[in-house]
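Encoded as structure tokens, the structure appears first; notes follow it.
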Amino acid sequence: MSTAVDASVPVAEQEDGAANILAGKKVAVVFVLGGPGSGKGTQCSNIVEHFGFTHLSAGELLRSEIKSGSENGTMIDSIIKEGKIVPSEITVKLLQEAMVKSENDKFLIDGFPRNQENRLSFENIKISPEFVLFFDCSEEEMVRRLLGRNQGRADDNVETIRKRFRVFEESSLPVVQYYDSKGKVKKINAAKPILEVFEDVKTIFQSYGPKAA
Ligand SMILES: Nc1ncnc2c1ncn2[C@@H]1O[C@H](COP(=O)(O)OP(=O)(O)O)[C@@H](O)[C@H]1O
Ligand SMILES: Nc1ccn([C@@H]2O[C@H](COP(=O)(O)OP(=O)(O)O)[C@@H](O)[C@H]2O)c(=O)n1
Ligand SMILES: [Mg+2]
């Protein structure tokens, strides 16, 4: 059944409730979750190369918003420095704009949803994930990696890292548990070396076939 979609009508108001239609195109979304430093961004780069997805890091989009000098930038900057979660309407708008602008229809959404408000905001625009990739790694290992990340990030210092882990446990892990209760989570042991982790990731994405021509 083809979904006749009026691109001028925001997805949430489509009378047929078509899911995962964004500005007239059907999108496939995979959420990539895991603690700070678990390796989400690193593995997303590998998945992009091998399976033709477009990588959208919510954190990167927020950092670009700060650099753009937009009115929300100052607020976003202080929230990130506190290791807290930016209001979902800001993050979701950035993600939607990036998906609409993209030529692609397959997206890895990295570091989102990070709390229940994030998750519900995506449900409100009728986008649900194909599955959720969850990178499981000990806090000690993640701290080690973050302190060695050297990307000049304002939130990669010991004090903020501790705050980010508290937020991860209190707000983000419950989101993983929610999707796990729906049988949507593919859990990966992220404590292994990069290439070994990617071997496991590849197995999961195999069903998506080779990179889109
Ligand atoms: N499996 C791994 N083993 C060791 N270091 C890793 C691994 N995966 C990523 N890293 C390194 O750890 C740091 C955090 O990785 P990144 O992909 O930015 O994590 P995240 O996006 O989950 O915060 C980076 O410096 C990266 O090179
Ligand atoms: N959905 C999201 C994702 C990130 N963020 C903010 O952006 C920061 C960095 O996110 P990130 O995904 O780049 O961080 P890493 O997990 O890659 O270290 C988070 O600590 C939050 O402060 C957010 O508020 N909401
Ligand atoms: Mg990252």
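Placed from the backbone N, Cα and C atoms, the Cβ positions cover glycine too.
Given the structure is predicted, the values throughout are model-derived calculations rather than measurements.
When TrEMBL records Gly37, Ser38, Gly39, Lys40, Gly41, Thr42, Arg149 as binding ATP, the matching candidate from Lys93, Lys101, Lys192 it lists for that site is Lys192. Here the binding-site residues are Thr42, Ile85, Gly111, Pro113, Lys192, and the one ringed by the most other CB atoms within 10 angstroms is Pro113.
Listed in sequence order, the binding-site residues among Gly39, Lys40, Pro113, Arg149 whose CB lies under 6 angstroms from an atom of ligand 3 come out as Lys40. Counting neighbouring Cβ atoms within 10 Å of each of the binding-site residues (Ser38, Asn118), the lowest count belongs to Asn118. Counting in whole angstrom, Ser38 (ATP binding site) lies 20 from Asn118 (CMP binding site) by their C-alpha atoms.
Within 10 Å of Gly111 (ribonucleoside 5'-phosphate binding site), counting CA to CA, the binding-site residues Gly37, Thr42, Arg149, Lys192 contribute nothing.
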